[in-house]
Amino acid sequence: MDNGSCCLIEGEPISQVMPPLLILVFVLGALGNGIALCGFCFHMKTWKSSTIYLFNLAVADFLLMICLPLRTDYYLRRRHWIFGDIACRLVLFKLAMNRAGSIVFLTVVAVDRYFKVVHPHHMVNAISNRTAAATACVLWTLVILGTVYLLMESHLCVQGTLSSCESFIMESANGWHDVMFQLEFFLPLTIILFCSVNVVWSLRRRQQLTRQARMRRATRFIMVVASVFITCYLPSVLARLYFLWTVPTSACDPSVHTALHVTLSFTYLNSMLDPLVYYFSSPSLPKFYTKLTICSLKPKRPGRTKTRRSEEMPISNLCSKSSIDGANRSQRPSDGQWDLQVC
C-alpha cells in the first residue's frame, strides 16, 4: 500500500471501545460455537442437510476466533500492527472469509427452511447428505475465491513508527473490495427477507392445520436468522455507504473512522449470536443445552449410599433418562436429532 495514500488516526474512542468488545465476542463466541461444534461432532445421532449447513456456519464462526486475539492486540496498541505483512494479509483474509462464509450459510439455512415450510414436497428437501456436503464445499470454494484477493497485496500502511493493518483504504473507494462488501449484504438480505416473509405467511395460513408449538418454533427460527443477519451486517454497510457518499471530505475524519471501525466490529457479533440460530433450529437442541448445563452443575457426592442414590433417581439419572425420552420422540420431524447423554 502506498504510504502516502493513507492517514493514521490514533483515536482514543477506537482504542477504548474496540478491545472490550472484541474480548466479549471472543469469549462468548468461542464458548457458544465450541459447545455447538461439540454437539455436532459427538452428540448428533442423525445428520440431515440442514444439519450440515448449520455445522458449516459454526465452523465459519469458530474460524473467526483465531483472528480476534490479534485484532484485539492491534487496537490495544492504538492501531499499531506488529506482526508483519504476511500475518496482516492472513488475518484480513480470514476476517473477510468469516464474514462471507457466515453470510452464505445463514442465507442457505434460511432458504432450506423456506423450502421445508413453503414447498414441503419439493425435490430440494430430498437431497442426500452427500449432496448437501458437496454443496457446502462448492460454497466454501466460492467464498475463498471471492476473498483471496486480500492475500495478493500488502495492506500495511507505515508512517513513522506506526503501522496500520486495514482492508479498507479510508482515503478512497476500494473497487472490488467495496463491490464485494455491498453485494455480500444486499443480495443475501433480499433472499433472507423473501424467505422470512413467505415462511411466516405460509405458517399463518396453515395455523389451523398445524400444531401451534411447531408453528411458533419455525417462525422464531426464521425471524432469528433475519434478525442476526440485519443486526450484524447492516450497520457497517450503512457506515461504508456514508463514507463513499461523502469522500473525499470524510477521508481522514476521526468520527467517520470511529464509526466504520465500530460498525465493522458488529460483523464479529455474528459469531456470538449464531448460537441462537442453532438453539432455535431444532426442538432437541435446547434440551441438549439444558442437559449439558444441569450435568455440569450437578454436585458429585461419592459418599452417598445406594439407598440415597435410589431416592434421588429422578435427578441423578436425568441425563440417561433423557436419552430414553429422546428415543420415544424420535418420530417427530426435526432438523437433527441430538444425543442427550452428555453426563
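Note that Cβ sites are derived from N, Cα and C of the backbone, with glycine treated the same way.
Cys88 is paired in Swiss-Prot with Cys165, the candidate among Cys7, Cys157, Cys165 named as its disulfide partner. When Swiss-Prot is compared with the stretches 194-218, 319-343, the one noted as region 'Disordered' is 319-343. Classification of Cys88 (disulfide bond) by DSSP places it within a helix. Summarising the environment of Cys88 (disulfide bond), the number of other Cβ atoms within 10 Å of its Cβ, over all protein chains shown, is 23. A contact between the transmembrane segment (91-111) and the transmembrane segment (22-42) is absent, since fewer than 3 of their C-beta pairs, 6 or more residues apart, lie under 8 Å. Take the transmembrane segment (132-152) and the stretches 22-42, 50-70, 221-241: counting Cβ pairs under 8 Å, 50-70 has the most.
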